[in-house]
Amino acid sequence: MFPIIILISFSFTFLFASVTSGAGGVTNLSTCLINHNVHNFSIYPTKNDQSSSNYFNLLDFSLQNLRFAASYMPKPTVIILPNSKEELVSTILCCRQTSYEIRVRCGGHSYEGTSYVSFDGSPFVIVDLMKLDDVSVDLDSETAWAQGGATIGQIYYAISRVSDVHAFSAGSGPTVGSGGHISGGGFGLMSRKFGLAADSVVDALLIDAEGRLLDRKAMGEDVFWAIRGGGGGNWGIIYAWKIRLLKVPKIVTTCMIYRPGSKQYVAQLLQKWQIVTPNLADDFTLGVLMRPIDLRADMNYGNTTPIETFPQFNALYLGPKTEAVSILNEAFPELDAKNDDAKEMTWIESALFFSELDNVFGNSSDDISRLKERYMDAKTFFKGKSDFVKTPFSMDAMMTALVELEKNPKSFLVFDPYGGVMDKISDQAIAFPHRKGNLFAVQYYAFWNEEDDAKSNEYIEWTRGFYNKMAPFVSSSPRGAYINYLDMDLGVNMDDDYLLRNASSRSSSSSVDAVERARAWGEMYFLHNYDRLVKAKTQIDPLNVFRHEQSIPPMLGSTQEHSSE
């Protein structure tokens, strides 16, 4: 159990003076860190600096999207790895004292690199939480405390060490950091049964811009509401989450069913899928991942029709194999599920099975300790976009999607099913609003390995074109988007008088403009919850210390009041 400490006092002389971003600024920051017992950091190397390999090894370790690894991308002045909550508090205060912008990195999976790149021109640091990754499970209360740097895989593994009938509902990527994942909601294979990861958070420890360590009571219900689904990098730094453990059976069933074929054949399957899956029992999740080509060319499916599209139906059923196959065949006979398509295993084995740790779907390893791994060998360049679907796709819509998918062999399309408990949780329970009325969510995803800007632009433009083609068929007014699939195409906080730095110097009118400009994408991510998030941001971080290109802006009126206290 983590101690609940509301305020940590240090002997800081807190001078918010402007500091030159050159060598003097770095010296001031490093001196401040050392004086407050923070020694685990690496400074951007000078030309002849022998420690450059350490800096770049740290930078690259959790840099998951290679689009942001190019030499011309902005680099952090310092990478800091706090080892304790005291060091984390000192880090925040030292960065503020020396006027460095803070980027917080947990697992480094930000789709737009916001945890390790800043584009507003300010000198910035990365506060990397990988050393703060402890998970403490208490079976008596059926809860666990997970530090913000713990990955989803580490949480899963820690739970499995003490119980084979408890679990946590979150995503399939084990190297994803819990700090960011839960902050954005956290959809996963058990969300139809238990809701999002953020729905199971019962308390949290947040370090704010003043260095205060706040639990749920101390931060207040408005801020506690906001940090669950309101997106990472906005409110402060999550030191730890307290999560509720969820009861699961000892045996669950996984299925991966491949039905490659012509676009017409696959479109007909998908049309039935979208009607069936939202109405399945809560215990059953049946998602779809589609690729334009068969990446498993050595497999013989006995299909005599031309293979134009390769759909993979992924299922998790919280029960035995016989029931799973029976349910599928009764509800979705067109899929023609066989006993051989299903496997019984424990819940933790299913987490490994769907983990893609070996860059394949259906991990064959039985070493569940691999879920603790933080490093991804198979890194790529990628771009993703998202949608929500409220009305069943027509045949025209399905064919449009499959035709666009076929244009890029280095891509996939994901349909995540909704319904179940997701229909029953209020759209205002936490900041994540996409609940009742959604049939499924869509992810458009391109990945590539060419270190060529022209090729990168080609793949990115394909993703944008696909997204634009699907506009008539998805949610509208506003068109919904998932904050964990961050998408800078929707807009950024970098227009004229709204630069992310120097929040306290902006006029009241520019603050209003900033809030209204951010509404363009803020309401796509958060719908009617956007205004409440602005209020929470103004309450917890009025000076906009924690920010990025798509962060929630504060209203300035409270900033001025705060500054005059």
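The first residue you see is number 1, and the count goes up from there.
Cβ atoms are placed via backbone N, Cα and C, with glycine included.
Disulfide connectivity taken from Swiss-Prot links Cys94 to one of Cys32, Cys106, namely Cys32.
In Swiss-Prot, the annotation N-linked glycosylation site falls on Asn502, out of Asn303, Asn502. Under DSSP, Cys32 (disulfide bond) is assigned to a helix (H, G or I) in the three-state scheme.
The shortest Cα-Cα distance from Asn28 (N-linked glycosylation site) to any of the recorded positions (Asn40, Cys94, His109) is found for Cys94. A coil conformation is recorded for Asn40 (N-linked glycosylation site) in the three-state DSSP classification, outside any helix or strand. Comparing the glycosylation sites Asn28, Asn40 on other C-beta atoms within 10 angstroms of each C-beta gives the minimum for Asn40. For Cys32 (disulfide bond) paired with Asn40 (N-linked glycosylation site), the C-alpha to C-alpha distance reads 13 Å.
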